[in-house]
Amino acid sequence: MPTASGQTQPRDEGGALRGQRLAERLTRRSPGPAARAAIVAAFALSAALQILGVPFTSSFGTRTRFDMDVYRIGGQIWHQGLSLYADGSMPFTADGIWLPFTYPPFAALLFTPLGAIPLAVASIGISLVTAALLVYVTKLSLAVLDIGSPGNRWWLAIAASVATIWFNPFWMTLGFGQINVVLMAMIMIDVFVLHRAGGRRAQGVLIGIASAVKLTPLVFLGVFLVARRFRAVATGLAAFVGAAAIGWIWMPADSRTYWTDTLFHTARIGQPEGRINQNLNAAWLRVFGDAGSAAEVAWILTSVAATVLALAAVLAARPAEAFARGPMTGRVDALAITCAVAVWGLLVSPTTWAHHWVWCVPALLLCLTIGWRVDERRYRATYFGLAGTGVVIFAVGPFQLLPPIEHGWAAWQHLVGNAFTLWGVALLVALWRLPYRAPETTTVSATAA
């Protein structure tokens, strides 16, 4: 079938049969009681080590998370009638770290109840929620990809999460007490679960609310836009504006400060050239330095190129067909579009901390699925290659192995230190040049819930 690039791409014809056979084998091998107990025990151990720390290391016994502390402090400051964004308004965290409140005022309203909970309890609580939602997002991705059966996808997801919870974005999210996985789960539910007839009227609401807490989820309204789900786009924007309006009503002065000033000072979030910042902006800052205009010009030009590349990848997946009415099981192309939008947002954002790359799990599952199902050597080589390198990159976090003197990096260190960014670009290129093609007819047996 001709694509935008002029090539004829193979459909998932033989691959569909191969996928069905794989699903049948996985179903027949649904774990018994002993295997289930072992899977749960392995995940519980992995989660406990991540949440409570590894014995005989400096992490052992750590109960507090400084980002969770920032959330609590933000809610407390609002409750006390103080300013969220004034210089020096935020006190030091319990760990002795000073961090500004970088979220919209609506987020502070949501975080206010955390002030009534001890920091240690709130920290452990968000860690447990993160671990549970990692399993859920994995299970939902498996359903969308039609891997396994409704009866054993949970077990496959738990087994996979035994390993992925150790990936760099996830242990950082757990260690900091971040909400990245919570936001990812909200987006995945909005896109794939609410797609069903009973939830279509509400589609867009969760993305809108997530965007009012942390602006970046707004990019996922682009999924609905390319799929011509204009009602969902309008609903998402209305939810976002409504939540922001609630923040404005309760916190008018802080809202005025945030939306007219603080929002545009991205440098207050942290050092954009730091190695933990994994995006195009940071990559160029590390090359040219943080004071030169060359880095800004390079960032703008490559962001435009990344936008064109992401749009080409999305259109190659034929979004109108990918998000047609019906159950979302087997919608590999729909997950490809969602991952392309996620990676694009990560690449072009001025600040993309390594722990924001939690979308690596759906993306890696996507690569494995396409590589397995499409009967063509270049597809297998490309997507299995992306999956293999991605596992290494996101498990290791190569930027951590380099000295934090980014402006002095050698050429090879820039390649290693920007591995997340380069992998994201490679994924977009693959999705554009080698798009997945669904079979002409498929048998859908279950929904993606």
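Residue numbers in this text run from 1 along the chain shown.
Every residue, even glycine, has its Cβ placed from backbone N, Cα and C.
Here TrEMBL flags 34-56, 106-134, 204-226, 233-251, 297-317, 329-347, 353-374, 381-399, 411-432 as transmembrane segment.
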Long-range environment of the transmembrane segment (34-56) - Cβ separation under 8 angstroms, sequence gap at least 6: 62-63, 124, 127-128, 131, 135, 155, 158-159, 161-163, 165-166, 170-171, 174-175
Intrachain residues whose Cβ lies under 8 Å of the transmembrane segment (381-399), provided they are six or more past its termini: 163, 166-169, 275-276, 278, 354, 357, 360, 363-364, 367-368, 370-371, 374, 416-420, 423, 426-427, 430, 434
Highest-contact recorded stretch vs the transmembrane segment (297-317), from 233-251, 329-347, 353-374, CB pairs under 8 Å: 329-347
Maximum Cβ pairs under 8 Å to the transmembrane segment (329-347) - stretch from the list 106-134, 204-226, 233-251: 204-226
Within-chain partners of the transmembrane segment (233-251) [C-beta distance under 8 Å, separation at least 6 from its ends]: 78, 84, 104-109, 190, 201-209, 211-213, 218, 221, 224-225, 259
